[in-house]
Amino acid sequence: MTDALTTVEPPAAATPRGGGGGTLRYVLSKVGAALISLGLIVVLGFVLFRVLLPGDPVRTLTRGAPVTPEGAAALEREYGFDLPLWGQFTRYLGNLAHGDLDRSLVFKVPVAQKIGERLGPTLLLVGVGTLIAVVLGLWLGTRTAWRRGSRFDRTATGIALALWSAPTFWLGLVLLTATGGLFPSGGITYPDTPPDFLSQALDTAHHMVLPTITLVAVVYAQYQLVMRSSLVEEMHAEHLLTARAKGLRDDEVRRRHAVPNALLPTVTLVFLHLGLVVSGAITVETVFSWPGLGLLTFEALRFPDYPLLQGTFLVLAAAVVVMNLVADLLLRVLDPRVRAS
Amino acid sequence: MTLLQLRDLHVRYPGEHAVAGVDLALAAGETLGLAGESGCGKSTLAMSVLRLLPPTAEVDGEILFDGEDVSTMSWGRLRAVRWAGASVVFQGAMHALNPVHRIGEQIAEPIRVHSPKTPPARVRERVAELLAQVELPADRAGAYPHQLSGGQKQRVMIAMALACDPKLVIADEPTTALDVVVQAQVLDVLTRLVTDHGIGLLLISHDLAVLGATCGRLAVMRRGRVVEEGPAHRVITAPTHPYTRTLAAAFPTIGDPASRYNPATAGEPPVAGTEAVGEELLTIRDLRVTFGATAAVAGVDLSVRAGEIVALVGQSGSGKTTLARTVLGLRKPDSGQVLFDGKPVPTSTKGLKAHRKQVQLVLQDPTSALNPRHTVHEAVAEGLRIHGVRGDEADLVRAALTDAELRPAEKYLGSLPHELSGGQRQRVVIAGALALSLRLLVADEPVASLDASVRGEVLALLLRLRARLGLATLVITHDLGLAWNIADRVAVMHRGVIVEHGPVEDVLLRPHHDYTRSLLAAVPRPDAGRTAEPRADQGV
């Protein structure tokens, strides 16, 4: 009977796809969406800092020193502030197309150059901090989920919640006070450190300890809690019963079937969050005078240095968009279900 | 010799005595069917054999597998027995397979666990062999579960269960979510393989017909106890326990005049007859609905008159659900017409709202159709509020509940869905539809997720609603017995077209189209046991 009827069974719900066409379309649509976001950020950058923000650029330039009306007019011409708003916008777009982010009013150097100088320390701090936070958060999340309700779970989850809700600057100041001069309170190196690589690296590491701890403390909790809830949910999955029935040990069930599946949403979150961590570094960098993009933004705000603010805004916002894109593309590589849809 | 022996088995959960003293025995190579409704303890019993119950379960009594007591086995010994000694085909293969592992990998896993020294090339060979046994091409090993159909997934589960040559296979509702034809294929593969390899089979199902067609011996479970046990043929044709009789009567034999317009019910008998049929209410002309390149509905003509019950039968993927959605105005036709009361189904938001006051949908699973946090009153009143129906809300809700035979209505008003039985939930859904000025009910598998004993109650309700209110019903189902129970006319749908159409007696008793014949052939016949000779009662 089976033979007579095999033709009747409907074809598979979805034949294996995910080859050429589907993938390309998916990537293009995600990249397209990211480009649109970037375009909106460029416009928003102009509107925020040239149209909405109060203040007089000439005053910033001259740092409040008296200036003749002719002098002020000359300065305005030099920076293009005398143009009508539309003219300023097209000039801004034109410059941007050449990678020119204008000149800083305060530092008197191109904004792009200034950002370039400060990008390294931020990447170092955020990179190391995120790496530690991810490892710590996922490990704690896995353990607390597997032993949920235990004292370990209650303690670790409680600590995570407390640190997550603590204000960053407060945490930084507490750490500074509590360690009592054991670690440098600011900067990236001492000026008298020998210029060879090893000494510089050790000194930087020494300076990094407190900012990194602060950043990790603020960030890891979210990874831990998401990993925990994702794994707790996964532990109810019926296919784990299949795995146990197959004769797998409990730790094999966890390692092969529960944790990898629970990691999928968490990995996406890590990348979604990475862009935000860069912006979150502003507070940490300010507290510890870490010479990165965050501190630069803070300095630019004080004057206010519009072109510089605009530049850091563009870079930080673009980081969020790019990381979202990476998260979308990565999930597709990792999760076959997303690949098919 | 006895492969599996249960002696005075008790399983208790906090506040529940799930299995209350069961004695059962299964000989090597024998097939034993375990029947019962949801909550009777049959799945708990099955899971206790491999100690797969949650830690809250308390097990008493003896479970001897191959002469060894499972409950005193060391963890190491137990893991060795799991899958290599006894394996499981779980219900709902959708969830029983890991969604992010390739199926070849999942079939190979128990082989690697139980014979870790098998060379990788041999494992691959074995996986291909197993896939061939369940009639799947070897290249499906690279597929992920979501790329397979329901029947294919269940075949994968069977291949997986056979991977380590077990002595016993426990199959827990292996075909419940599948339609008749696929169900027949899967049962066929399963029984052929256990017979060929001399494997003992413990098959669990709520469907006596499935068990009767597959097993040599049958045990019927109710409230944690076995109420009747014996050779399958005897239990089905001459049941001694009243409960077995109820179960056996729930699924009608097509062609049996006693069950025509008369679904098995313990309550008031339904009112039969087609005399109430009136004007043509729903007219579908040359309807086409396409998804991209595929035509889900490829030129359908169908009509439903007032007071008429029409069954639209076909397998999953035949386009019947798409057709229903079009009738409700949830999809626009690509060409052709859907006329309700002589006028095309509106497309404007306002027009659709008025349309849906008269045409309502009842879905397969009342549990997911109801908001778990809304009381019965809220659930029924929601439609009234959306449509701004005038009148006293409390009165209207009470009237609708009474119409849906939830009596006295006051008793149910404050209940939450989880406090009701499956049949009562489905009545709440129907009451929600009745509260509006309902003229056509579109019911998509209205009893597929319900227990056998309430199935008849809900079907009888549909018959009485037709007699009392002149309600027209379009029932979408893969269950031919349902059509025999309540429908006036039946339309058989296959690949987007209606291949046969006419009064129920003509189509089901004298089918003309090959597809209708194959559907009818796939309906399990409980009195035609597949395992040839009825065995003598073993043990107990």
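Glycine is no exception: its Cβ is also placed from the backbone N, Cα and C atoms.
If you look at the transmembrane segment (A:31-53), the same-chain residues 6 or more away from its ends with a CB under 8 A from one of its CBs are 85, 88-89, 92-93, 96, 304, 306-307, 309-310, 313-314, 317-318, 321-322, 324-325. According to TrEMBL, the feature transmembrane segment maps to A:31-53 (among others).
Marked as transmembrane segment by TrEMBL: A:119-140 (among others). Note on the transmembrane segment (A:119-140): residues 156, 160, 188, 204, 208, 211-212, 215-216, 219-224, 227-228, 263, 266, 270, 274, 277-278, 281, 284-285, 290-294, 315 of its chain, located 6 or more positions outside it, place their CB under 8 angstroms from a CB of the stretch.
The domain 'ABC transmembrane type-1' annotation in TrEMBL covers A:119-331.
Positions annotated as transmembrane segment by TrEMBL: A:161-184 (among others).
Annotation source TrEMBL lists transmembrane segment at A:204-223 (among others). Using a Cβ-Cβ cut-off under 8 Å and counting only residues 6 or more beyond its ends in the same chain, the transmembrane segment (A:204-223) has close neighbours at 124-126, 128-130, 132-134, 136-138, 140-141, 160-161, 163-164, 166, 168, 171-172, 175-176, 179, 183-185, 187-189, 266, 269-270, 273, 277, 280-281, 284-285, 287-288, 290.
The annotation transmembrane segment is assigned in TrEMBL to A:262-288 (among others). Long-range neighbours of the transmembrane segment (A:262-288) within the same chain, counting only residues 6 or more positions beyond its ends whose Cβ lies under 8 Å from a Cβ of the stretch, are 122, 125-126, 129-130, 134, 138, 141-142, 145, 168-169, 172-173, 176, 185-186, 210-211, 214-215, 218-219, 222-223, 226-227, 230-231, 233-234, 294-295, 297-298, 316, 319-324, 326-327, 330-331, 334-335.
Annotation comment: TrEMBL describes A:308-331 (among others) as transmembrane segment. Counting residues 6+ beyond its ends, the transmembrane segment (A:308-331) has Cβ neighbours under 8 Å at 27, 30-31, 34, 37-38, 41-42, 44-46, 48-50, 53, 101-102, 104-107, 111-112, 114-115, 119, 264, 267-272, 274-276, 278-279, 293, 296-297, 299-301, 338 in the same chain.
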